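Since the structure comes first, as structure tokens, the remarks are kept for the end.
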2 protein chains.
Amino acid sequence: MTDPLPFGSTIGILGGGQLGRMLSVAASRLGYRTHIFEPGANPPAGHVADQVTTAAYEDRAALEAFAASVDIITYEFENIPTQALDILEAHRPIHPNREALRVSQDRLVEKRFLQDLGLATAPFAAVDTLSDLEDAIATTGTPAILKTRRFGYDGKGQARIKSANKAESALADMAGAPAILEGFVEFSREVSVIAARGLHGDVACFDPGENVHHEGILRTTTVPAHLTASQRMGAVLLAAQILSALEYVGVMGVELFVTDGGLIVNEIAPRVHNSGHWTQNGCAVDQFEQHIRAITGLPLGDGQRHADVVMENLIGDDMDKVPTLLRSAETALHLYGKAETKPGRKMGHANHIRPKSS
Amino acid sequence: MTDPLPFGSTIGILGGGQLGRMLSVAASRLGYRTHIFEPGANPPAGHVADQVTTAAYEDRAALEAFAASVDIITYEFENIPTQALDILEAHRPIHPNREALRVSQDRLVEKRFLQDLGLATAPFAAVDTLSDLEDAIATTGTPAILKTRRFGYDGKGQARIKSANKAESALADMAGAPAILEGFVEFSREVSVIAARGLHGDVACFDPGENVHHEGILRTTTVPAHLTASQRMGAVLLAAQILSALEYVGVMGVELFVTDGGLIVNEIAPRVHNSGHWTQNGCAVDQFEQHIRAITGLPLGDGQRHADVVMENLIGDDMDKVPTLLRSAETALHLYGKAETKPGRKMGHANHIRPKSS
């Protein structure tokens, strides 16, 4: 059993968005400092970090100086260039590990990984050419969704195929990128499990949250979710199985569909996850602190929930709701300090808190 | 009604200790940045601030540059040198106001202020000379406590006088500083009210917390406190009266003794207060955010509590409890990132959370 990272150490965080920002605040609660690496100017995480490096992921000297200034490295997003990881990993441990990134950076690799674990996924097929796509549609039926294998988030890089004759235009939307066709799943609810695995193999999960998406972007997460006790247990066990298979260290978001036939894994994210933001106001240890605990070798929080929460994302013009939210007695507001409001941009979230019901 | 400070603005904070640190995090949740001014190197608040100035309060150029870089100024401690305030106030608004500082920087002025409001205090008398002290002891009786009028905190600058023949040695402990003798109060409980008043005169209070002190330092605060409904109401009204009288803007800590004869005001602190740390895990809007809301002109949170909390200070070697606290399912840990553990130094606190009882 290795000792935990000493208090006062510095955690390097790749990515300076809202997730890095909230990770940085959580690290501070445990007595750690953070150093943010982010190509974009004025990153939200920089407002609450000890140090910030503004540099490209191709800047070897900046990456090496960053690595030299920190004790361990983590990240807020999964699409970090491989070459940057190679440079960093030569100097400092990176958590979660490369295998988790390899699997989650590519939708096809991820689906096959889940399938190999015996977990249910939507029907899928790899699509590189129009003929692949035609075959794939024969497998999945329509409607289906064509997605780029890499670099998709918040519904970007996706095209719905309502009928087979729309295949060609959908493929054109992929702009030549390798793609995957996913069949539609008839589900009654979308839930997600925020799970953590520590350096010593210990696993802890938060209560599953029930998610509502709109136009490919998460809108609300509600705890407790409407799940039976066995569904709840199934969701947690399945998440634990994924983490263990990857020898994962850190927090992972596992999105699930609840269907009549059981739970289907939609996707996994090797990082803190938007659907876990409710934990900031519902748990003693939130997902951000849980991630920091996991990667530093501290004991994990057990995920116990002490309140009910509805997390509401504030996207683009939802910022107009802020004056009202500020007047709500039950609402904890979390703004991200982004300089500009844009349509589809996540600007903050509100956690609506109620005394615990069950 | 003036508009609130625009999101993205910078709040200057005088003092880089744990209170400044937690104010900075709260400001970030509302989309503000912070700039810490602190004479000491490596201030805890600097780990989670956008900017840090390390300079003395006598450094006019540094104060002016600091003021020029921020939109409004607040502070985490009341003993800011008057000259520094003069320089800063010429450039930017400072909240809470000078009157609040004037009253709370001097125990004698504070007691007289409270007395003028018709509020009960411990019996007291000004002490500059041994003959003053002898007269004062005749007024208050023994035991009594001799305190410096200024710069006292956490039990420092105080001497107990058990009997009149100890007067001379107690006065020697004051090292020539103007002092005040306070008589002992027979109380059943110590409670405090964390109250806030906004830029527009609106007032909100958190539930009174019940405090346990040991050797002059706060050890625990528990909510809900053991108070009758009328005591609770009395405490809140009394706090509101103090804030209104000072035309105060920000959060204030009001310490009270509960006696058979009613509530007695022990002292007031024109800032966020250790006995309000429980709000971080018991309320949607904690005392730090409440202070930021007050000084920026945002609507105040209403103070509603959604959980029961016992706040436990971690002082000096209490840090040895951290491994155990990290394993407690109900405990939210808040460490301050101080480089060195010293006896009597506040290193962090733990909020033990339970579902709301009443």
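From the backbone N, Cα and C atoms, a Cβ is placed for every residue, glycine too.
The ATP binding site feature in TrEMBL is assigned to B:Arg107, B:Lys147, B:152-158, B:182-185, B:Glu190, B:His213, B:266-267. Feature annotation from TrEMBL assigns domain 'ATP-grasp' to B:111-296.
Averaged over the domain 'ATP-grasp' (B:111-296), the predicted model has a pLDDT of 94. Of all Cβ atoms in the protein chains displayed, 19 besides its own lie within 10 Å of the Cβ of B:Asn266 (ATP binding site). Within the same chain, the residues at least 6 positions away from B:Val185 (ATP binding site) whose Cβ sits under 8 Å from its Cβ are B:Ala122, B:Phe257, B:Thr259, B:Ile264, B:Asn266, listed in sequence order.
Note: B:Lys156 (ATP binding site) has non-local neighbours B:Gly216, i.e. same-chain residues 6+ apart with C-beta under 8 A of its own C-beta.
Using a 10 Å Cβ-Cβ cutoff, B:Arg107 (ATP binding site) registers 22 neighbours. A 10 Å cutoff on Cβ-Cβ distances gives B:Glu182 (ATP binding site) a total of 22 other Cβ atoms nearby, all chains included. According to DSSP, B:Asn266 (ATP binding site) sits within a strand segment. According to DSSP, B:Val185 (ATP binding site) sits in a coil region rather than a helix or strand.
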